[in-house]
Amino acid sequence: VGVCCGYKLCHPC
């Protein structure tokens, strides 16, 4: 559980 930030996107995971 946390935050995944990739190519110009952030979402909970």
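Don't overthink the numbers, they just go from 1 along the chain as shown.
Any Cβ shown, glycine's included, is placed from N, Cα and C.
In the disulfide annotation of Swiss-Prot, CYS10 is paired with CYS5 out of the candidates CYS4, CYS5.
For the pair formed by CYS10 (disulfide bond) and CYS4 (disulfide bond), distance between Cα atoms is given as 6 Å, rounded to the nearest Å. Counting only same-chain residues at least 6 apart in sequence, those with a Cβ under 8 Å from the Cβ of CYS4 (disulfide bond) are CYS10, HIS11, PRO12, CYS13.
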